[in-house]
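S.K.: Reproduced below are the annotations present in Swiss-Prot:
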REGION    1-20  region 'Disordered'
COMPBIAS  8-20  compositional bias 'Polar residues'
BINDING   Lys66, Arg80, Tyr92, Tyr176  substrate binding site
ACT_SITE  Tyr88  active site, proton donor
BINDING   Asp102, Asp107, Asp139  Mg(2+) 1 binding site
BINDING   Asp107  Mg(2+) 2 binding site
Amino acid sequence: MNGEEVKTSQPQKKLQNPTPRLNERILSSLSKRSVAAHPWHDLEIGPGAPVIFNVVIEISKGSKVKYELDKKTGLIKVDRILYSSVVYPHNYGFVPRTLCEDNDPIDVLVIMQEPVLPGCFLRARAIGLMPMIDQGEKDDKIIAVCVDDPEYKHITNINELPPHRLSEIRRFFEDYKKNENKEVAVNDFLQPGPAIEAIQYSMDLYAEYILHTLRR
């Protein structure tokens, strides 16, 4: 010990008022009063909806990780890693304060130059609709562009995109679940009109859901 004297540690005095253990129910009730926001329910859809609207990004462009919203906590969670070698061709997320028949917010594929971190939100414009059937259930996707991206903000119709871009999008959704033995069918892309109608319908469904919740 290099000649140093080893001191014997003195016994610590017991605290007169020990810290109580946190009760999980109390902690949960406190969290409901916190400033943390739920991206589905607390984020506004935007004054320009259903044409221009906010989108919460769940999955970044180029990612092989399938993130999704955890509806209970509002956090973005890892659902799975894609079973195939494909990656998401564009940023993918949902429109806040919308609701579809599958009890999820409406899905959006946002075309823009750069990948966006999961959990961020951006402004987008609907330019088309991709009708899709996932394992026998309707699962349509809104095709949109980021209105704050100078390369894409002028696009208002899906027909303005290169045909190859649309082929890439279609092929991704046709193939990304094949190795899971899950069947996905993608129909022909539709114009902005049906996309805007689908968003408005999902906004109306969400409003009905909120009213029903408040009445209970």
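Any Cβ shown, glycine's included, is placed from N, Cα and C.
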S.K.: Considering only the binding-site residues Lys66, Arg80, Asp102, Asp107, Tyr176, which fall within 10 Å of the residue listed as 'active site, proton donor' when distances are taken between Cα atoms?
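M.R.: Near the residue listed as 'active site, proton donor', where near means Cα within 10 Å, the binding-site residues are Lys66, Tyr176.
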S.K.: Quick one: Cα separation, Asp102 (Mg(2+) 1 binding site) versus Lys66 (substrate binding site), in Å?
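M.R.: So the alpha carbons of Asp102 (Mg(2+) 1 binding site) and Lys66 (substrate binding site) sit roughly 18 Å from each other.
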S.K.: Taking the Cα atoms as reference points, how far is Tyr176 (substrate binding site) from Asp107 (Mg(2+) 1 binding site) in Å?
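M.R.: So the Cα of Asp107 (Mg(2+) 1 binding site) lies 16 Å away from that of Tyr176 (substrate binding site).
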S.K.: List nothing but the one residue from Asp102, Asp107, Asp139 whose Cβ has the fewest other Cβ atoms within 10 Å; the candidates are the binding-site residues.
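M.R.: If we count Cβ atoms within 10 Å for the binding-site residues Asp102, Asp107, Asp139, the smallest count is at Asp102.
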S.K.: For the recorded Mg(2+) 1 site formed by Asp102, Asp107, Asp139, which further same-chain residues have Cβ atoms within 8 Å of the site's Cβ center?
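M.R.: Along the chain, the qualifying residues are Cys100, Asp104, Ile106, Met132, Asp134, Glu137, Lys138, Asp140, Lys141.
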S.K.: Same chain, not part of Lys66, Arg80, Tyr92, Tyr176: whose C-beta falls within 8 angstroms of the C-beta centre of the substrate site? Give them in sequence order.
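M.R.: Here the non-site neighbours turn out to be Ile59, Lys64, Val65, Tyr67, Asp79, Leu82, Tyr88.
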S.K.: Among Lys66, Arg80, Tyr92, Tyr176, which the record lists as binding substrate, how far apart in Å are the two most distant Cα atoms?
M.R.: 15
S.K.: Taking only the Cα atoms, work out how far Arg80 (substrate binding site) lies from Asp139 (Mg(2+) 1 binding site), in Å, as a whole number.
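M.R.: The Cα atom of Arg80 (substrate binding site) is 19 Å away from the Cα atom of Asp139 (Mg(2+) 1 binding site).
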S.K.: List the same-chain residues at least 6 positions away in sequence whose Cβ sits under 8 Å from the Cβ of Tyr92 (substrate binding site), in sequence order, or say none.
M.R.: Ile57, Glu58, Ile59, Asp107, Val108, Leu109, Val110
S.K.: Report the same-chain neighbours of Lys66 (substrate binding site): residues 6+ apart in sequence with Cβ closer than 8 Å to its Cβ, ordered by sequence.
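M.R.: Within the chain, Lys66 (substrate binding site) has Cβ neighbours under 8 Å at Ile59, Val78, Asp79, Arg80, Ile81, Leu82.
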S.K.: How many other Cβ atoms are found within 10 Å of the Cβ atom of Tyr88 (active site, proton donor), counting all protein chains shown?
M.R.: 22
